[in-house]
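Database features, via Swiss-Prot:
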BINDING   His83, His182  heme b b562 binding site
BINDING   His97, His196  heme b b566 binding site
BINDING   His201  ubiquinone binding site
TRANSMEM  33-53  transmembrane segment
TRANSMEM  77-98  transmembrane segment
TRANSMEM  113-133  transmembrane segment
TRANSMEM  178-198  transmembrane segment
TRANSMEM  226-246  transmembrane segment
TRANSMEM  288-308  transmembrane segment
TRANSMEM  320-340  transmembrane segment
TRANSMEM  347-367  transmembrane segment
Amino acid sequence: MTNTRKNHPLMKIMNNSLIDLPAPSNISSWWNFGSLLGACLTLQVITGLFLAMHYTADTTTAFSSITHICRDVNYGWIIRYLHANGASMFFLCLFIHIGRGLYYGSFTLLETWNIGIILLFTVMATAFMGYVLPWGQMSFWGATVITNLLSAIPYIGINLVEWIWGGFSVDKATLTRFFAFHFILPFIIMALVMVHLLFLHETGSNNPLGIPSNSDKIPFHPYYTIKDFLGLLLLILLTVTLVLFSPDLLTDPDNYMPANPLNTPPHIKPEWYFLFAYAILRSIPNKLGGVLALFFSILILAIIPLLHTAKQQSMIFRPLSQYLFWILIANLFILTWIGGQPVEHPYTIIGQTASILYFSLILIIMPLVNLIENKMLKW
């Protein structure tokens, strides 16, 4: 069996990626989230496939087909809620995964980091289009508001929006194409994940100390397979608890009303995982400025390697940077809270302050503090 595992053309790839992969001996549980994201993606593809068997991408029957799935299909309700809450778990793991990359300086592995950013944009696009499919009030108005943002692009904006809509408003054509894209994108995500892992295995994983670990490697199996399995059990526990006890905790009640183009909901807001970006978008009074801020709030991750002025890769020995990192995390929590609040005083000013702080921390304050720490360490 050992010879087959190491010599068979297909099994050799699996073996070098999952079994005999040399891994640093000191990576902590923060490194579990890569495998958890793989588990989330698998869950989403499987549940999504079963949902697609019963879903109809038509404005007149989409909402009814979701009701049919929940009421008439065998265990349809659990498949639907696993898919909806699985997306929340996906983004939770995604944010922690990115946060770990920032804290421990994994962004210095440039190819892996950049593919990760492309993956983030693709997953966000997939989740947005998935949110439109139930064709409830928030689905319809969310699609209208977010696609309308493209009209801020000078000269081609209006034509671009109508081209995406397939008409003069969000309608049947929009729903059909969103379903088509929502179905195909997870497979593109899978391909990108393979590229992400390919680049990661070119350099090897980073570790909490941020120092080369070539002199002290251990095989991935059994050490990290067992460790990842524990993380997986905890994720399953959290997801199943959410699905069975409070499946609608993270959804919007407005989405249980069929889409009505003549009636606007009082507060249009996306799912919780987009609220931080939505708060940044709303904090700028100018439409084009808001769209650019929204886009750069995520694209800013791409320039973080250029802003890394510290001599040490990891933050583990840099207390000032750690302090700023946790301020950034707290700031993101504030932005998430503000994104779900109505546009009125004092939420507006809090959102604007948090947005300015978000960009200031990443672009100005953290690089300067890195330089100060270099001086303190006489580097």
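Cβ atoms here come from the backbone N, Cα and C positions, even for glycine.
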Would the transmembrane segment (226-246) count as touching the transmembrane segment (113-133), i.e. at least 3 C-beta pairs under 8 angstroms with sequence separation of 6+? no
Is it true that the transmembrane segment (33-53) and the transmembrane segment (178-198) have 3 or more Cβ pairs under 8 Å, skipping pairs fewer than 6 apart in sequence? yes
For His182 (heme b b562 binding site) and His196 (heme b b566 binding site), determine the Cα separation and express it in whole Å. 21
To which of the binding-site residues His83, His97, His182, His196, His201 does the lowest count of other Cβ atoms within 10 Å belong? His201
At the Cα level, what's the spacing in Å between His97 (heme b b566 binding site) and the residue listed as 'ubiquinone binding site', rounded? 17
Lying 6 or more residues past either end of the transmembrane segment (347-367) yet within Cβ distance under 8 Å of it, the residues of that chain are 279-280, 282-284, 293, 296-297, 300, 304, 307-309, 321, 324-325, 327-328, 331-332, 334-335, 338-339, 341
Measuring Cα to Cα, how many Å separate His83 (heme b b562 binding site) from His201 (ubiquinone binding site)? 30
